[in-house]
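Beneath this line is the structure, given in structure tokens, with notes to follow.
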């Protein structure tokens, strides 16, 4: 008695009286009063809780008990709880429903797709390589927290396969898996692949030396060239996800208990784990994400300046990325890497989904104009394919925007009384519009 009523927070339901607000379905919030660690009555709170819209609304049940869906826990209900494993970061499956052999087959299937993509699509067929580029770009766009049509959810999950994300199938049924494991394993993929290819190709070279009389010098030259080409081509294929992982480390969100990483909701920002991840990501961005396109650009321009573009040694190492471009544009592979870099940066650093989508469309339109002006491919059909794929990526981003904004009348905090608060009524009307 004697205290003015407060407006109900956005995303909450308020029972009134001394009852504490609780999240609506699709929203998440802590049980605590403001930033205090001790539970309290809502009427004693200096600041009422803030409620956050869940990236995937069905994860968050809400209600007076602040409930997550079965198998979910933690901030925004994005952490696996109990006997569950995750596919594509969207589908939670019970471990009991899929035995260890079935899960192993799933992982082997994904690995087989990765190997097929890298060894066939990325190296042998230019058309498949360009298509793969835009499937990866579309996969990045699909991660924007827009209100995608339900029919696109399965497509979005399938698109993430070709981004070589080690979290596509989480091994939570077998071991304790965390975003930290995912981060370090993802950045180690090029090194793991290099080790694997070094061992397997080394065995092949030894067998050829013994069976076909290949000299040691010839074997070493072939070995070094093959290792170089496969390592560069694999890094190019996984480049978008490497960018995403490194950029996501620098994103934090304020939660009821403090400030936590968005990528790893259980890791407190500016703690030892976060500082370690930022340090590794900073070095990786400078040496790999920026170093690779700079190295490729320098190697191609230097070879052109010295008249070595068509020398056998240069073509054996760089021919897979130079032969398909017109003279003067042999460095265009660096432009393709730049596309991935910019869109991954928008995806990982952007705060609002609508802003991410708009920036993505603007970037793709600028790249589209650049492509129309240059037409860098030797084959005109490749120019047309690149153009069509870019237009398709733009259309896909616009498809997600069609169902935005998410702040609709159904989740408004309260309905303003026009007679009591005309300005508030106008604001509510604007939101509903």
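Just so you know, the numbers here start at 1 and follow the chain as drawn.
Here the Cβ of each residue, glycine as well, is placed from N, Cα and C on the backbone.
Residues or ranges marked as transmembrane segment in TrEMBL: 98-117 (among others).
The transmembrane segment annotation in TrEMBL covers 183-207 (among others). If you look at the transmembrane segment (183-207), the same-chain residues 6 or more away from its ends with a CB under 8 A from one of its CBs are 164-167, 214, 219, 222-223, 226-227, 230-231, 234-235, 238, 241-242, 245-246, 249, 263-264, 277, 280-281, 284, 288.
Look at TrEMBL and you will find 219-239 (among others) tagged as transmembrane segment. If you look at the transmembrane segment (219-239), the same-chain residues 6 or more away from its ends with a CB under 8 A from one of its CBs are 117-118, 122-123, 132, 163-164, 189-190, 193-194, 197-198, 201-202, 205, 208-209, 288-289, 292, 296, 316-317, 320-321, 333, 337, 340-341.
Marked as domain 'TRP C-terminal' by TrEMBL: 220-387.
Same-chain residues lying 6+ beyond the ends of the transmembrane segment (275-298) with a Cβ under 8 Å from its Cβ atoms: 180, 183-184, 187, 190, 232, 235-236, 239, 242-243, 245-247, 249-250, 267, 318, 321, 331, 333-334, 337-338, 341. The annotation transmembrane segment is assigned in TrEMBL to 275-298 (among others).
Same-chain neighbours of the transmembrane segment (341-365): 137, 140-141, 143-146, 239-240, 243-244, 247-248, 250-251, 289, 293, 390, 393-394, 397-398, 400-401, 404-405, counting only residues six or more beyond its ends whose CB sits under 8 Å from a CB of the stretch. For 341-365 (among others), the entry in TrEMBL reads transmembrane segment.
As annotated by TrEMBL, transmembrane segment applies to 385-404 (among others). Beyond the ends of the transmembrane segment (385-404), by six or more residues, the same chain brings 127, 130-131, 133-134, 137-138, 141-142, 144, 146-149, 152, 353-354, 357-358, 360-361, 364-365, 367-368, 371-372, 377 to within a C-beta distance below 8 angstroms of the stretch.
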